[in-house]
Amino acid sequence: NGTSVEKFILLGFPGTWQFRVSFVVVFALMYTLTVIGNASIIALVWRSSNLHTPMYFFLCNLSFLEIWYTTGIVPKAIGVMLGTSQTISFSVCILQLFFLLSLGSTECFLLSVMAYDRYLAICYPLRYCSLMNSVLSVRLALSSWLGGFLAISLLAFMTSRLTFCGPDVINHFLCDIDSCLALSCSDTWPVELATFLISIIVVVASCVVTLVSYMYIISSIMRIQSAHGRKKAFSTCSAHLSVVTIWYGSTMFLYVKPSAQNSLDLNKIVNTFNTVVTPLLNPFIYTLRNKEVKLALRR
């Protein structure tokens, strides 16, 4: 009874061999497109002098984050579904959980910073260059990265102190907080409370900043007299608004809740969308909805 679990077994998506292989093919294809798409955006911004603005600097940070976010999940998930790498040590499990949540928190902060950048660009167009200068944009990006990792440090430490004495099977293709709490044989209430409070601070607070920014943006756009002017102003933030809607919808479902006792199967589906599909959609959304990026791509 006093034996602690040192390794976990990840179930992935149980089913026939053909079913799991089809998932592997989809995951591998989406992972490849995600890395290529986001790396292409970074290279495109790097090579195009007309894209050297704060907006695209933040976009490069987001693309860089998406590459590592999906890299920390998909290769291991493919090994789990093929049956070649279903076990994961306790320390690696906590490490994956830490990076998954830290990068997710960083993305929340980055999206709110990008919303603030669009607010300044649309509401104060004549003062934008002086308000959002290179020094401030670097500070905001750095604060997003540091804030994301520092916010999850305490939660990862508290999870690592939990006792696991069996069972050792995780009904998932990755180590997430809900799965760890479900397997722990010690009191998980402090970790659940910390998860909820950190989620409120990170997800809800950054979402409020984003919503307030867009309230001012929409108000400013509606005051523009010409229809062409309104369309042009809205086109500068429509791609970011699409990404924000997709990201916060799934993230709030996963983490902003008072208890971890949700359906793990449902969490698995939403996590698939959040960690595999969303990083793939972001580069395509920004490319297809942004005239400057399409023009730079043609060049």
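For all residues, glycine too, the Cβ spot is worked out from N, Cα and C.
Record features, source TrEMBL:
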DOMAIN    37-286  domain 'G-protein coupled receptors family 1 profile'
TRANSMEM  20-46  transmembrane segment
TRANSMEM  58-82  transmembrane segment
TRANSMEM  88-116  transmembrane segment
TRANSMEM  136-158  transmembrane segment
TRANSMEM  193-217  transmembrane segment
TRANSMEM  238-256  transmembrane segment
TRANSMEM  268-288  transmembrane segment
The transmembrane segment (136-158) and the transmembrane segment (268-288): do they have three or more Cβ pairs under 8 Å, with pairs 6 or more apart in sequence?
-> no
For the transmembrane segment (193-217), sequence-distant contacts whose Cβ falls under 8 Å of one of its Cβ atoms, 6 or more beyond its ends | 105, 108-109, 111-112, 115-116, 118-119, 122-123, 148, 151-152, 154-155, 158, 177, 237, 241, 244, 248, 251-252, 255-258, 260
Average pLDDT across the domain 'G-protein coupled receptors family 1 profile' (37-286)?
-> 84
